[in-house]
Amino acid sequence: KLCAIWIYLDVLFSTASIMHLCAISLDRYVAIQNPIHHSRFNSRTKAFLKIIAVWTISVGISMPVPVFGLQDDSKVFKEGSCLLADDNFVLIGSFVAFFIPLTIMVITYFLTIKSLQKEATLCVSDPGTRAKLSSFSFLPQSSLSSEKLFQRSIHRETGSYAGRRTMQSISNEQKACKVLGIVFFLFVVMWCPFFVTNIMAVICKESCNEDVIGALLNVFVWIGYLSSAVNPLVYTLFNKTYRSAFA
């Protein structure tokens, strides 16, 4: 019984960690594509609802574990250790909890970068904006924040203050994208070995050495766990706001 609970919590928290990254990727893309809507309806309540949605999906994905684990111990207990032994769940769970979110993250991240580059080009090519940005050319110009996109969609700001705000937002957005890019890269590097090996354990049962596969899974799963521990370090290392918050 304890094995079913242990594996359920393991799958739940790992899936929730992955789904949160996927939600962040989607949220950033929506903020860039539709800044007016996102800025108007972005609130603590909306953020809370997004978090609830992530946890609901995570619970839904992991719930089969206690359902079949409490009924049949052989599906969660093998050779004296707690081990998920249901091949169907391993395959389906790996795709739903990792490969599908990974695909969404990769696509939305590159679409976000593309949109930011496009908006930055439009911002710099605008004659009025170009004049205001000339004295701030030392700042990166490859991205644009959703906040400034929202303001540009409503009205044109004038004066050097607006220029500073625009370029500061561009710089902040670029830094944010870099941090997210690093987080996503570490996510892939640290979780991909486990899920690939997890699928191999099911597909090549006859030809693969079970002891080797089992040993690899034990190592790779801990590397995956470290992914969540590394994220706060990445945020604090590359973002002053997070450094101040954790100080």
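Backbone N, Cα and C atoms are what each Cβ position is placed from, and that goes for glycine too.
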CYS177 vs LYS240, same side of the membrane according to Swiss-Prot: yes
Cysteine paired with CYS208, where Swiss-Prot records a disulfide bond, from CYS192, CYS204: CYS204
CYS3 - recorded disulfide partner, Swiss-Prot, among CYS22, CYS82: CYS82
Feature motif 'NPxxY motif' in Swiss-Prot, mapped to one of the ranges 61-65, 121-125, 196-200, 231-235: 231-235
ASN198 (serotonin binding site), number of other Cβ atoms within 10 Å: 21
Tally of residues which DSSP labels helix, strand or coil - the motif 'NPxxY motif' (231-235): 5 helix, 0 strand, 0 coil
